[in-house]
Amino acid sequence: MAAIPYSSLPLQFLFFLLLSGSFLQTRTLSTDQTVKTFIFRIDSQSKPSIFPTHYHWYSSEFASPVQILHTYDTVFHGFSATLSPDQAASLSRHPSVLAVIEDQRRQLHTTRSPQFLGLRNQQGLWSESDYGSDVIIGVFDTGIWPERRSFSDLNIGSIPSKWKGVCQVGVKFTAKNCNKKIIGARFFSKGHEAAGGSAGPIGGGINETVEFMSPRDADGHGTHTASTAAGRHAFRASMEGYAAGVAKGVAPKARLAVYKVCWKNAGCFDSDILAAFDAAVNDGVDVISISIGGGDGISSPYYLDPIAIGSYGAASRGVFVSSSAGNDGPNGMSVTNLAPWIVTVGAGTIDRNFPAEVRLGDGRRLSGVSLYAGAPLSEKMYPLIYPGKSGVLSASLCMENSLDPNLVRGKIVICDRGSSPRVAKGLVVKKAGGVGMILANGISNGEGLVGDAHLLPACALGSDEGDAVKAYISSTANPTATIDFKGTILGIKPAPVVASFSARGPNGLNPEILKPDLIAPGVNILAAWTEAVGPTGLDSDLRKTEFNILSGTSMACPHVSGAAALLKSAHPDWSPAAIRSAMMTTASIVDNSNQPMTDEATGNASTPYDFGAGHVNLDRAMDPG
């Protein structure tokens, strides 16, 4: 917002500033306290008429202009500012202040799926909605890699007249990076920069050696979610040969508006997320897709939860908000984004898998999953070792610097899952001279497996098979093994199965309101990827790939965002609640073998606390009856 020069302000306003100056002075005394960012919710009706704008009121009565990061005036009224806790406490006693929320860091909830939702070309919802052509999806994420084929605007009509947004330029992002597909892009970094500038507990700022100060995606997650919701048809798509075919989003002609609120290795701050909600609703989006959630598993009451506050203001203005349930399953009550006006999406499997097989020296074959695409082991048997046998936890988890190269060199290493990224364990094994890795699930992950683009031959096994390999090592003098990679298999039954990582109900704030609302494809999803990092996201992964395969409720959420765009396009008069009702009342609770959906973690039947109303079924949602 441009500042108004003091010379043009009325005299009585300047007199008011002098009076409130004493209030401002009290705020600058306690400099010894650590400065933090706070979000203030203000009663907008109580603005004195003497102030031309809310910003003038806030910057004269509550905080100095240099302290104010964002002002909010659409999804709710208020501002965020950097203050000491004492200053914030003193302001909280002001009669116009409704709530004070300390800024928190949140985390991202990290090709056949449109068909698996019941979408077929030229019939049903895709044709009746014209693939979602004039609906605008706002994606709150890590930005976008605009050059990908998934974001081409070939044969798309002109930009909808209701669009009021901008294409914000920045590092390696010009106005030409927006088109009739990516119709707008913005980035929000003030909350991050304020946290980085302080020595506070969440300091960290933005690392501009790995990040772009622009809507360009340095992480990959945002490109992946945007193309899942609304990617164009891209022929000959695959991730290093896996999942080959035509990649397409759920609503291939919907328009994308990109709001970069999350930064590589640094998460996403509430103050920036709220600023994006404010901007997106003003810009004219129809759907907001937000694959972000609290990183601590503790749900704040709605009036103190910025995603709940922002989405409430958005929903009340007719914007559908879809969010991810979180990846802390299968623990009960792990679901996040609980507000009743948000559609909370869990993750299920699809009928495609990437099997790999561990063959033991005694002839047993154990089936697992892998997306390794390098040179195979060619059926050669290698010595097998389990570093965790020593009883050292860090070695069993293959943590950085925990493996002795003398013990590991030339062997296949078993690593337990947990504490560090799955692909990072493989890198530790590779650096220590290991030739391959078997990634074994523990009890908490059960039989839930996700594919990873490993940097060395590697296979993920469920906990039963993992235990079998460890027992084989204990009972054999010279244990050996090899890993065979089987590529892509379609037509897997049963599917969908509720993913073991998908967060579960009941709803910790309102047990009587079912969460998650529904599930959608979220395991091994192929979508577009950034050019800035390799498929694993590790610094040492120098591979470049146009598409990547990821798993998480982060991947399920944009399926529902794209589905909402199709329904809105086919039924422009439907409210967010009507769209959600159509999806939930037609969701399916059986799998493709016509049996009740099962739970990947236990193998038993799943419950509404796992899948909500069921798995999205768009053929039926078009006309719910």
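The backbone N, Cα and C atoms fix where each Cβ goes, and this holds for glycine too.
Worth saying up front: this structure is predicted, and the values here are computed from it rather than measured.
According to TrEMBL:
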SIGNAL    1-28  signal peptide
DOMAIN    42-109  domain 'Inhibitor I9'
DOMAIN    132-603  domain 'Peptidase S8/S53'
ACT_SITE  ASP141  active site, charge relay system
ACT_SITE  HIS221  active site, charge relay system
DOMAIN    382-468  domain 'PA'
ACT_SITE  SER554  active site, charge relay system
Least buried by Cβ count (within 10 Å) of the active-site residues ASP141, HIS221, SER554: HIS221
Arithmetic mean of per-residue pLDDT over the domain 'Inhibitor I9' (42-109): 94
Structural state census, the domain 'Inhibitor I9' (42-109) (DSSP three-state): 19 helix, 22 strand, 27 coil
C-alpha spacing of HIS221 (active site, charge relay system) relative to SER554 (active site, charge relay system), in angstrom: 9
Distance, HIS221 (active site, charge relay system) to ASP141 (active site, charge relay system) (CA atoms, angstrom): 7
Secondary structure content, the domain 'PA' (382-468) (per DSSP, counts of residues): 28 helix, 20 strand, 39 coil
